[in-house]
Amino acid sequence: MLVSHWLVFLISLLNFETSSSFDLFGLLSGGSGSRSSRRHDLQPVSDEKAAQYLQNFGYVQPSAMLQSSSGFAADMQDVKSMLNSAIRKFQEFAGLEPTGKLDVATKKKMAEPRCGLMDVRAISTTREAAYRWKKNRLTYSIESYSPDLPHDDISKAIRHAFRTWSEVVPLDFTEVSRGDESADIKIKFAAQNHGDPWPFDGRGGVLAHATMPTSGLLHFDEDENWVYMDSAKIASGYTDLLAVAIHESGHTLGLDHSRNEDSIMAPFYQETVDSSGNYIMPKLKRDDIEAIQDIYGQRRGGLPSDEDDNWGSSGSSGRGSSGSGDSDRWGSGWGSGGSRDRATTPSWRESPTTRKTSIWDRLGGFFGHDDDEEDRAIDRNRGHEGSSNRGRTEESFETPASSGGFNDCPQTLDAFSTGLGGVNYIFQGSKVYELRGNRVVKTHSLRTLFPRGPIYVDAAFANDRSNTMMLFQSYQVYAFHKRGSQFVLDSDFPKRVPSNMRFNPTGAILWNDGHQILFSSSGDFAVYDEYWNQATSVNKVSNYFPSLPLNVKGGFPDSQGVMTLFTAARVVKYDARRKILMGAGQLLTQYLNC
C-alpha cells in the first residue's frame with residue numbers, strides 16, 4: 001500500500017509538470033460498471049489505477065520504489081526518472097509513442113481489457129527461457145462454469161482453443177471429469193479473490209489469467225459478460241470466450257505475451273467482430289506459430305478425430321517434436337515455473353551441422369581459413385590492440401559514393417549496428433561508415449556524428465521503436481536519440497553497464513524476435529533492457545545459440561529468421577530458427593563490394 005500511494009503521488013507530480021492530463025483526484029477514471037469493449041468508448045484510467053497498473057504488470061519494481069522513498073529530496077529525481085522509464089517502456093510495448101509522459105492515450109490504453117499475466121517477461125526474456133510440458137498428451141478439466149453460457153458452449157470454446165494449438169504442434173488434449181486431480185490443466189470461472197495470489201478486478205480490466213507449465217491453472221473472471229462466437233453481443237460490449245481462451249491456453253503451454261499487436265498472444269483483448277458486425281474467427285498469426293513451435297516443434301500427421309471440431313486450420317507449417325514434471329503450486333504467475341528441459345529439444349535441431357565440435361573446428365571448416373588469416377587482416381587495417389587508432393579524433397568528413405563504388409572501405413570492424421531510418425553503421429576506430437544495403441555511401445567522424453559520445457565503440461545497436469542508438473565503450477554505455485539528422489546524447493547517460501553482466505560488451509544485436517543481445521569476447525551473452533539499463537538474463541552463448549561464431553559484433557535478421565552476422569573481418573548467415581550456421585560466409589570487403 002505504501003508503494004502504491006508513493007507511486008500515485010509521483011505520477012500526479014509528473015503529470016502536473018509535463019502533461020495536460022493531470023488527474024490527481026481520479027475524475028477521469030473508468031469505473032468498473034462503465035466499460036464498453038469498443039475502444040473509442042474507453043475512459044482514461046485514474047492516476048491511482050495507472051500507478052497500480054505499472055506495478056501489477058511489472059513496469060515498476062516495488063522494492064526499488066521503497067528504497068528510494070527513504071530520502072525524499074535526494075531521491076526524487078531518480079524516482080521521477082524511473083517512472084518516466086517505466087511509462088515509456090509500457091508505451092513502447094503497447095505500440096504508443098514512447099514519450100515517458102502519462103498522457104491521455106497512455107491512460108486509455110491502460111483501460112483496455114487484457115490478460116492478467118505480466119508484460120515484463122515478454123520484454124526481458126528470450127523464447128529459450130520458455131516453460132514447457134514434457135509430454136505430448138495433456139488433460140484438462142473444467143472445474144466451474146459461467147452462468148452466462150450453456151455448459152456445452154463453454155466446453156466447445158475450450159476444446160476449440162486447445163485444438164487451435166494442436167493444429168501446429170504435436171500436443172493432444174483430452175477433457176477429463178471435474179474434480180479429477182490428475183488433470184494437467186484446471187479451468188474455472190471465478191470472481192474477485194478466488195484462491196490464488198491474483199484476485200480479479202471486477203468487470204473490465206483483467207479478463208483472465210493463466211500460469212505457465214507445469215502448474216496448469218486457467219481462470220476466467222466471472223464478472224465479465226461472456227459469449228461464444230455471438231457477433232451481435234460482442235459488438236455490444238460482451239467478451240468472446242473463444243478469443244480469450246486461445247490466448248490463455250497459450251500461456252498454459254509456455255508462451256509469454258507478444259509485442260506484436262496482431263498476435264493472439266498480445267496482452268490486450270482483440271474484438272472478434274468487424275465494422276459490419278460480422279464475426280472474425282480468432283486465428284494464430286505467424287508470430288504465435290513460430291513461438292509455440294520453438295518450444296514443441298512442428299506437428300507431423302493429422303489430429304485425433306473430434307466430431308464437434310469442424311474449424312479450419314489456424315496456422316501454417318514450422319518444425320520438430322517434443323518429449324511430467326512437477327512445479328511449485330502457483331507456477332509462473334510471477335515469472336517462475338517448470339523449467340524447460342533441453343534433453344528433449346525438438347529433433348529438428350539435431351542436424352549433422354550442429355554436432356559437438358569446438359567452435360574453432362566449425363569455423364575452420366566453414367570458412368576455409370585459419371585464425372591467423374583473420375588476425376592478419378585485422379593487423380593490416382588497424383595494427384595490434386596495443387597500437388589501435390581508436391583513440392584518435394578526426395575532423396568531420398563525409399565522402400559521397402561514386403558510381404563505381406567507394407574508395408574508403410574498412411577491411412575489419414569494431415562494431416556493426418542497424419541504424420535509424422534505413423541505414424546501417426560500421427564502427428572502426430574513430431570512423432563511422434554509413435551503409436545502404438551492402439554499400440558504403442558515406443563516412444563520418446565518430447565524435448562528430450555522436451557528440452559527447454565515446455572515443456571508440458566496442459558494440460552498438462539501434463531500437464527503431466524508441467528512436468534510440470546504444471553505444472558501448474568498455475564498461476560504459478551511451479544512449480543517443482535521433483532528432484532530425486542529428487544524434488543527441490540522452491541526459492541520463494553515459495552509465496556503467498549492469499553489474500550483473502560481469503563483462504564489457506564486444507558485440508550487440510537486435511535478435512530476430514526483438515530482444516537486445518550483448519555478447520562478450522569470452523562466449524557469454526546478456527539480454528539487455530535499455531530503459532532499466534539491466535541485464536535480464538546472462539548465460540553462455542553455447543547454451544542457447546549452438547554453432548554461433550565467436551566474437552559476433554552485430555547483425556540483422558531477414559523476414560525468414562535468417563541473421564546476417566558480422567565478426568571482425570567476416571560476414572556469415574545464421575538460421576536463428578534452426579540454430580545452424582549457413583555456409584562459409586565471406587570477407588567483409590567482399591560483402592561491401594570494395
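Residue positions begin at 1 at the first shown residue.
Glycine is no exception: its Cβ is also placed from the backbone N, Cα and C atoms.
Note that TrEMBL annotation is computational and uncurated.
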Match it up for me: which of 73-80, 113-120, 561-568 does TrEMBL list as motif 'Cysteine switch'?
113-120
Here's one to test understanding: among the binding-site residues C115, D148, E224, H251, H257, whose C-alpha is closest in space to the C-alpha of H209 (Zn(2+) 1 binding site)?
C115
Residues that sit under 8 angstroms from D221 (Ca(2+) 3 binding site) by C-beta distance, when 6+ apart in the chain:
F189, A190, A191, F200, D201, G202, R203, V206, L207, A208
When you average the Cβ positions of C115, H247, H251, H257, M265 for the Zn(2+) 2 site, which other residues in that chain have a Cβ within 8 Å of that mean position?
L117, A210, E248, G250, L255, D256, S258, I264, A266, P267
Cα of H219 (Zn(2+) 1 binding site) to Cα of C115 (Zn(2+) 2 binding site): how many Å, rounded?
11
Relative to the Cα of E248 (active site), which of the binding-site residues D148, D184, H194, D196, E224, M265 have a Cα no more than 10 Å away?
M265
Cα-Cα separation of M265 (Zn(2+) 2 binding site) and E224 (Ca(2+) 1 binding site), in Å?
20
What are the DSSP helix, strand and coil residue counts for the motif 'Cysteine switch' (113-120)?
1 helix, 2 strand, 5 coil
So which of the binding-site residues is most packed in, judged by how many other Cβ atoms lie within 10 Å of its Cβ, out of D184, D196?
D184
